[in-house]
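The next block holds one structure in the form of structure tokens; read it before the comments.
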Amino acid sequence: METIFAQSSAFGKAGVAVFRISGPKSLEVLQLLTGRKDFKPRLMYYQQIIVPETNELIDNAMVVYFKLPNSFTGEDVVEIHTHGSKAISIMLINTLLNIADIRLAEAGEFTKRAFLNNKFDLTAAEGIADLINAETIMQHRQAVRQANGGLKELYNKWRNQLLKIISLLEAYIDFPDEDIPESILNDVNNTHKNIVNEISNYLNDNRRGELLNNGLKLAIIGPPNTGKSSLLNFLMQRNIAIVSNIAGTTRDIIEGHLDIGGYPIILQDTAGIRTESTDIIEQEGIKRAINSAKTANIKIVMFDAEKLDSSINNDITGLIDENTIVIINKIDLIEPNKTFAIENRYKCLRVSVKNNIALSNILKNIENIAENLAGVTETPYITNQRHRHYLKQALSHLIDFNLDNDLVLATEDIRMTVRCIGLITGVINVEEILNEIFKNFCIGK
């Protein structure tokens, strides 16, 4: 296995820069860079880092050596902590590149080596990637659970139950003259039924994990000039949309990303929806607004309190569902006791974006809907499409399983199910099935 290195911290100006080296020559490289031989594992040393050919000082650094297998990758690993200077990083990288039999690591190669050395399964590796990319508290919680084996436990439970079924059935395939006892048939059928139900329910999750990973799309829609762009600017805490009294100012979709209650929200301000527009560009903007709302996870439908009754149309109300927040804006311009017919149909929030009246209620409602759609629960979620794809394949094989038909074909359906789950976790091993058989049956006795 080659020795690899990379700067693990971001390149650029910072307090500290961290370099990682992994592979059989790691300790030798550290000794070459420092001129010191007596490094003990897991102890941090303050050392000068030099260019071996010239003895030029690169930096005074903290270094540590991890002896295999007690390291992140399971190999010999060295970490070098220098000052976070671009010049230092360039000098150290060039120095490492000039050392024989060491190369720059490929993207994700340290984690890949950790997986290959059985430090964790593929779901945990994906959890580490999600943890690095997490931008909100809820994304972090989901990623931490996955990185610490939350999904592995669930998938391995199903896999072990299926291996048990295979071991039972394989024994009777090898000894066809013996009838399968009724108790074993019942155990197999009950286990099969339970796994089918569990995977079916697990897949029927409304893609909560993927929503949390990728962000919940929130579309702000409504008639023209109701304050949609002002609301977007308020939520984003900066002016990213042009605000004007002229109807139709917003033509295209304006997008922003924010964190509300720990949930990642992708905000979209859209063109005002009205039926009487003759402007071709505005008509295209209205079309895009409606399409945006149809694909949104959360919708805010916004009306102007002064023009509410005359601005309601079916294009707008037809988009309202259980994940919609209906807002009556500019309440500072009407009498406090004025009521609207739409309030009899929907729960409405009365606000004034301009004068910051009741805007916290909007944030709370967004958070409540986001929690309902993607809130973290005790059961780990499916977090990406790869898992969902193989679980659907696994379920298909389980549904095909039938002990009333050929026993070999039935066993193959279970074996294919195990393979699909193994493709998720990265564990596919025929020896496990053999071990299960020999553990439970006294073959040849």
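Any Cβ shown, glycine's included, is placed from N, Cα and C.
Marked as (6S)-5-formyl-5,6,7,8-tetrahydrofolate binding site by Swiss-Prot on the basis of sequence analysis: Arg20, Glu79, Lys119, Lys445. What Swiss-Prot lists as K(+) binding site is Asn225, Ser244, Ile246, Thr249. Here Swiss-Prot flags 225-230, 244-250, 269-272 as GTP binding site, drawing on sequence analysis. Marked as Mg(2+) binding site by Swiss-Prot: Ser229, Thr250. According to Swiss-Prot, the feature domain 'TrmE-type G' maps to 215-371.
Listed binding-site residues: Arg20, Asn225, Lys228, Ser229; maximum Cβ neighbour count within 10 Å falls on Lys228. According to DSSP, Lys119 ((6S)-5-formyl-5,6,7,8-tetrahydrofolate binding site) sits in a coil region rather than a helix or strand. The average per-residue pLDDT of the prediction over the domain 'TrmE-type G' (215-371) is 85, rounded to a whole number. Glu79 ((6S)-5-formyl-5,6,7,8-tetrahydrofolate binding site) sits 49 Å from Ser229 (Mg(2+) binding site), taking the C-alpha atoms as the reference points. Annotation for the binding-site residues Glu79, Lys119, Ala271: lowest Cβ count within 10 Å of the residue's own Cβ, Lys119.
Across the fold, the C-alpha of Ser229 (Mg(2+) binding site) and the C-alpha of Ala271 (GTP binding site) stand 9 Å from each other. Secondary structure at Lys228 (GTP binding site), as computed by DSSP, is helix.
Note on proximity: among Arg20, Lys119, Asn225, the binding-site residues of the record, the Cα nearest Ala271 (GTP binding site) is that of Asn225.
Across the structure, Lys228 (GTP binding site) and Arg20 ((6S)-5-formyl-5,6,7,8-tetrahydrofolate binding site) are spaced 49 Å apart at their Cα atoms. Taking the C-alpha positions, the distance from Asn225 (K(+) binding site) to Arg20 ((6S)-5-formyl-5,6,7,8-tetrahydrofolate binding site) comes to 55 Å. Secondary structure at Ala271 (GTP binding site), as computed by DSSP, is coil.
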